[in-house]
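First the structure, in the form of structure tokens, and then the observations on it.
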Protein chains: 2
Amino acid sequence: MKPEHKEIMKARRRNIRLTVSYDGTAYNGFQRQNPPQVAVQNVLEEKLAAVCGDSVELAASGRTDSGVHAMGQVVNFFTDGTIPLDRLPRAVNSILPPDIVVLDAAEADRDFSARHSAKSKIYIYRILQGYIPDPFERNYSWNIHKELDTESMKECLRMIEGTHDFSAFRAAGGPPVSPVRTIYEASLEKKGRIVELKFFANGFLYHMVRNLVGTLVNVGMGRTSVQRFGEIMASLDRNQAGATAPAQGLYLYKVNY
Amino acid sequence: MKPEHKEIMKARRRNIRLTVSYDGTAYNGFQRQNPPQVAVQNVLEEKLAAVCGDSVELAASGRTDSGVHAMGQVVNFFTDGTIPLDRLPRAVNSILPPDIVVLDAAEADRDFSARHSAKSKIYIYRILQGYIPDPFERNYSWNIHKELDTESMKECLRMIEGTHDFSAFRAAGGPPVSPVRTIYEASLEKKGRIVELKFFANGFLYHMVRNLVGTLVNVGMGRTSVQRFGEIMASLDRNQAGATAPAQGLYLYKVNY
């Protein structure tokens, strides 16, 4: 966005904050793409513009990659549209495709930014254990063909809690920001054949959750020891860690402000 | 199948029984269709033929309609193929599309028929309550825009348990069979915003579950009283009952032999 364009947007009367849930399967991620590629943002901006009666440019808490899902993505936009807040979700949901849903709309302060005001985020990663797949889980989890040693995985999760340099789990190509992040909670819960991992942190590096999960699954499969996991983390070297876990198991669960 | 063709099939050495799960969203139901329409049976027969090395003709416990799902559909087929049972699921799953999964394979008696030997079946129907949809439920439940009076629905479920003439809930166009069925269990369970209905019976008429659910939802929404539900059932008249509930909430859960 050009600076003068940003000023035009800021001159609009309302700053609206939305909580959005989407099934990422069919989209090239959240962030706006040039057609014919379609991202969640393209679709949301078009439908919000129709409901608000002016152009819409969204800021989001962060991008999500192709195939990644969201239960609680947060976005904001400036508008002169006069639609009442309590009608907005229903109005826009009625024209959105059913894999994108606006859960909630709120009036925000003028200086609220879904991106810059975010204090912490929660991601969930779902793994399906067992060599028989589940047709209902094919787009919603990562199928690992054996039972995981979840006790060893939990030891590693305790290791990553706290403030650390997560360079070993940082993808090449991300923005040049500090690799230090604070993980408030990293936990594991079993739900039948599903292993659900939860990561609650003040922020995440590019591909950090998926790189952590790839390495944690190596521990769960007995390919990497708990001690080795600690060494990988301390090495600050991405080449030591496991492969990036597939996108379809990942959910942006919640953004806190 | 022509009678002589049936004899050829019966002359084959093995009768194999499979338990199959599928996401019905993309298919024109279970029963084989003429191309370009694609049913689950078309896909399964083609992939099983590739694995077994001879043509495959499936018999199923029953058809499921377009968009209806299965967690435990049962099928059988005769083959001279020599693939060991313990390798069959993995072999066929590796070439099946991921929305169809063979859960289990077993050697069956020569006179076992997935269709004719079935003793009872369990169907599940899932309803999502509330006016905000859920993108992850769009193909897997029926979204009702208000909270349902589940206590009244439970009273109706108790009414349908036992042996009754279910003509009021029978779709026109089904096969000319007796309308009397025995429901062993009809129950309701709340799981967050989801209301899950379970129907366990010795058999079901065409569209019987979906017609029951359509009428039960009218009760849950206060449009139809519990007493009126009883009158509808006793009328034996399909025109008295509610609309057919949509396919995507229905699951063939289990078939008992």
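Residue 1 is the first one shown; counting continues down the chain.
The backbone N, Cα and C atoms fix where each Cβ goes, and this holds for glycine too.
Noted in TrEMBL for the protein shown:
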type     : residues  : note
ACT_SITE : B:Asp65   : active site, nucleophile
BINDING  : B:Tyr123  : substrate binding site
DOMAIN   : B:20-114  : domain 'Pseudouridine synthase I TruA alpha/beta'
DOMAIN   : B:159-257 : domain 'Pseudouridine synthase I TruA alpha/beta'
The residue listed as 'active site, nucleophile': secondary structure state under DSSP, collapsed to three categories: coil
Cβ contacts of B:Tyr123 (substrate binding site) (under 8 Å, same chain, 6 or more positions away): B:Lys198, B:Phe199, B:Phe204, B:Val209, B:Leu250, B:Tyr251, B:Leu252, B:Tyr253
Number of helical, extended and coil residues in the domain 'Pseudouridine synthase I TruA alpha/beta' (B:159-257), per DSSP: 34 helix, 31 strand, 34 coil
Confidence summary for the domain 'Pseudouridine synthase I TruA alpha/beta' (B:20-114), mean pLDDT rounded: 96
